[in-house]
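**Student:** Structure below; questions to follow.
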Amino acid sequence: MHKKIARWVQDKKSGIKRAVVTAYDYPLARLAAEAGVHGILVGDSLGMVVGGGGDTLGVTLEQMAYHTGMVVRGAGDCLVFADLPFGSYEKGPEQAWATAVTLLRAGADVVKLEGGAEMASTVAFCAERGINICAHIGLTPQRVRQWGSFQRQGTDADSARRLQADAGALADAGARFLVLEAVPDALAANITRDITIPTIGIGAGPDTDAQVLVIHDLLGLGTESPPFARRYIEGGRIVRDALAEYVREVGNSQFPPRRKR
């Protein structure tokens, strides 16, 4: 097992929590690493957060590989996760493996795919061939057009049981990590207790083994943040004020300063 992953597994056993951010470029990855963040996810959410799109479906494998390379160069000792983008792995295990290889060559330590027990054979195929897989259940953004909106999952008894079964199947298939997104706190706690692999929560309460937030959300750089996100600073206001000051100084001939020679 990868040494970094082994530490995560040991921390789960010891009850030590891990902090993950989603980031897309070298400067923010470097700052995250310097701050002591444990993992960085290069998410297909880049299509929304930095691309301005309404969902993640237009993101390509080439874009994911490019952004993964940028993040890896700044990530230091952070474990780097990268999303398999929509349409690049659903045909079957062989397609998923080939896509994963592209992202590993870009520097990712772990690749993430969305889906429940139906993806177990793909997870097993990749795991048997040396690919570290992070599974992702609950709210899976790549299926937003199937649902019609981004909505919480596992809120009734039947869907909660299905998600618990999905978690077990994916862990048994060889997944190294499991993302739980937008599920009830109690369900996330139960799944975290029942499986041996580390869970990473986003909008899933405080009892998962790790938490992940989009770095733009926690820095206050986006126009809107999901209800579960916390803004640690109002970065958007700080940046906007700095830019406005630059515009003012240029307009007043204060910048650049005049040189005597």
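Using N, Cα and C of the backbone, Cβ positions are placed for all residues, glycine too.
Please treat TrEMBL annotations as automatic predictions, because they have not gone through curation.
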**Student:** Which of these, LYS12, LYS13, LYS112, does TrEMBL list as part of the 3-methyl-2-oxobutanoate site with ASP44, SER45, ASP83?
**Tutor:** LYS112
**Student:** Would you kindly give the Cα-Cα distance separating SER45 (3-methyl-2-oxobutanoate binding site) and GLU114 (Mg(2+) binding site), rounded to the nearest Å?
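**Tutor:** Checking the Cα atoms of GLU114 (Mg(2+) binding site) and SER45 (3-methyl-2-oxobutanoate binding site) gives a distance of 13 Å.
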**Student:** Apart from ASP44, SER45, ASP83, LYS112, which residues in this chain have a Cβ no more than 8 Å from the mean position of the Cβ atoms of those residues at the 3-methyl-2-oxobutanoate site?
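**Tutor:** Checked against the 8 Å cutoff, the neighbours are THR22, LEU41, VAL42, GLY43, LEU46, THR56, VAL59, MET64, ALA82, LEU84, PRO85, PRO141.
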**Student:** Whole-number Å distance between the CA of ASP44 (Mg(2+) binding site) and the CA of GLU181 (active site, proton acceptor)?
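**Tutor:** Their Cα atoms are separated by 15 Å.
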